[in-house]
């Protein structure tokens with residue numbers, strides 16, 4: 001900057017000295033003119049330097065303005081910033097604590113309602129029937145599929161069959177992950193696995209144990225991850241027809257055609273006790289988190305709730321024929337199906353069904369001699385208003401989804417999915433995103449008749465929804 005003003009003064013002084021100086025410049029000739037042109041060039045270059053330095057000068061001015069803040073003002077400004085920051089942090093913390101408290105309170109309330117059997121998620125009205133091409137069929141069993149379970153994380157499905165095998169499937173892709181092959185009759189001593197029809201399966205709520213029961217009176221325990229055999233429980237005197245783990249524990253309940261229920265501790269690989277009461281072979285069993293289980297008594301036409309701790313039982317009557325399947329909706333309500341073609345909803349507070357649908361899947365036969373299609377399987381989406389039922393074999397049988405009324409009074413049909421064959425097992429995923437049906441050419445408990453057109457396998461049915469579900473407390 002200083003060089004610019006000095007050069008400018010030198011040039012103006014040279015101009016003011018008069019003609020004598022100019023003449024001497026002229027007399028000097030080319031050399032002088034070159035020097036003058038160099039000076040002019042220098043002046044131009046210094047102008048450009050000035051332009052470059054202008055922004056830095058402004059920046060320096062701004063810095064000077066900032067520096068003008070006194071120490072007291074700076075302390076005050078920093079103190080205000082710190083207080084604002086503390087206030088924001090406290091507000092955020094209070095908001096998070098409030099949100100967390102609301103979440104905990106809501107969870108505790110839901111758990112309490114669930115224990116009381118009064119939690120009912122109203123989702124049935126939002127369900128939409130899937131397109132036929134969206135329903136997938138997984139094939140791998142040679143004979144009829146008799147039972148299935150879905151892992152708690154919903155990644156895998158286990159299915160069992162009359163061919164004595166158990167297959168582990170990947171739910172999303174439908175790929176076969178592992179197969180526990182069945183053995184022939186007479187190879188029990190050397191074969192690791194079942195050598196008779198597998199009738200039932202159950203998986204613990206933490207996914208640590210898988211249990212399976214067969215016609216050879218055996219209960220086998222497996223590792224669901226590796227599919228390795230862990231234990232074998234013996235003691236039943238008839239075919240094992242029902243299995244269920246108590247939720248949150250490794251206590252296993254087993255039901256049998258010998259009319260008894262046995263309690264096992266899988267962690268300790270030990271037998272606990274036996275319960276008696278049914279007058280005919282038990283056809284189904286289910287359990288949730290309470291220390292109790294529910295059973296269907298076949299042709300004794302009773303449903304029984306077993307209170308393990310109190311060593312007592314509640315007996316319910318209502319079906320006109322054999323009760324072939326039972327499933328708990330929540331701790332207080334259950335759904336059953338029988339060979340009289342009816343579906344019933346029960347509450348533990350009443351000895352009779354609170355609602356019944358007769359001929360739920362229609363009837364067949366000549367006029368005046370119609371017979372209802374047997375209800376061979378039922379399923380319930382826990383703590384909701386949605387149940388499903390499957391009929392015994394016919395060429396035009398179907399899966400039917402139902403909506404329970406408020407307080408579980410009344411059943412309304414939602415939609416049906418056509419399936420050919422016997423629907424021997426039904427299970428909802430925990431989230432309610434899909435329903436799986438185990439289908440075969442024969443009934444799981446016998447060979448009364450056979451449908452050759454049916455395909456032995458698993459049908460995976462997606463459950464689409466229109467809107468968000470709402471939780472309604474009765």
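Each residue, glycine too, has its Cβ placed from N, Cα and C.
Listed features, source TrEMBL:
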COMPBIAS  18-31  compositional bias 'Basic and acidic residues'
COMPBIAS  49-61  compositional bias 'Basic and acidic residues'
REGION    17-72  region 'Disordered'
REPEAT    138-179  repeat 'WD'
REPEAT    191-223  repeat 'WD'
REPEAT    233-274  repeat 'WD'
REPEAT    275-316  repeat 'WD'
REPEAT    316-356  repeat 'WD'
Secondary structure content, the repeat 'WD' (138-179) (per DSSP, counts of residues): 0 helix, 22 strand, 20 coil
Using Cβ atoms and a strict cutoff of less than 8 Å, what residues sit near the repeat 'WD' (233-274) while being 6 or more residues removed from its termini? 199-205, 208-209, 211-221, 280-291, 293, 295, 306, 308, 445
Are there residues at least 6 beyond the ends of the repeat 'WD' (191-223) whose Cβ is under 8 Å from a Cβ of it, and what are they? 146-153, 158, 160-162, 164-166, 180-185, 229-234, 236-245, 247-250, 252, 254, 256, 258, 264, 266, 285, 444-445
Note the mean pLDDT of the repeat 'WD' (191-223), expressed as a whole number. 95
